[in-house]
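These notes are about the structure you will find just below.
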């Protein structure tokens, strides 16, 4: 039995479907006891969402589950693991990316510079980590952020992505180049050299990319940096660029292309292969993903 007391919070029921889907993908067994939307359980952990919106998490694995999944992905707050988190109101640049885990579509890195008088305006708009927002809301907020703040977006479409990847041979190095390029452009626009980045690799990777561009930056890298308002705004712009790019590719080939790299992605990829051929398939995907081998039937060969 867990020595920790149950973790209890209130969840917006609009997030119930996402939570349920995520838990199923994580291997939880689902039941529907009375007065609940569902109860999900696996070894060492139970997560129950009641029809009132009350969410109860208990079990010996609850701390890891809450800190690394529930807070960043669902609650978008860090009271359990970071109870003293405060909003940084110092003018600074925030950087985030979208598309690195998606087989189809572009890789997008965005940066947003926020001045002191803009924080309250962004808060009032409801700016927060894009992972908690619908595509419709992301597009609405992206337009408002662009009207309010200085920003820069590096959008690398699949064909260019594959070409650049051949040079870097490593996704983290490619991402670091994209981050450094975005930072460089926003420094030129704003004159601000204080930057917060959602950390995706060893800190040295981004520092080296900045050094190559001869950039002197007051850089903070941290995991789950989307709790910072500038990074959250950047995550929205990066996501908007990604979903727009994916939608455009879907229109071009007349096949809906899913996000991620799931079985649905493989199914869509095989349809593209049948309709358009291997060359066209390669032009709209990230070729180093193992998903491509699965689509082409090369797994285990």
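Keep in mind that glycine also has a Cβ here, set from the backbone N, Cα and C atoms.
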Besides 96, 97, which of 198, 202, 216, 227 does Swiss-Prot list for that divalent metal cation site?
198
So for residue 96 (divalent metal cation binding site), how many other CB atoms are inside 10 Å of its CB?
30
Enumerate the residues of the same chain, 96, 97, 198 excluded, that satisfy the criterion Cβ within 8 A of the mean position of the Cβ atoms of the recorded divalent metal cation site; list them in sequence order.
95, 98, 109, 110, 179, 197, 200, 225, 226, 231, 234, 235, 238
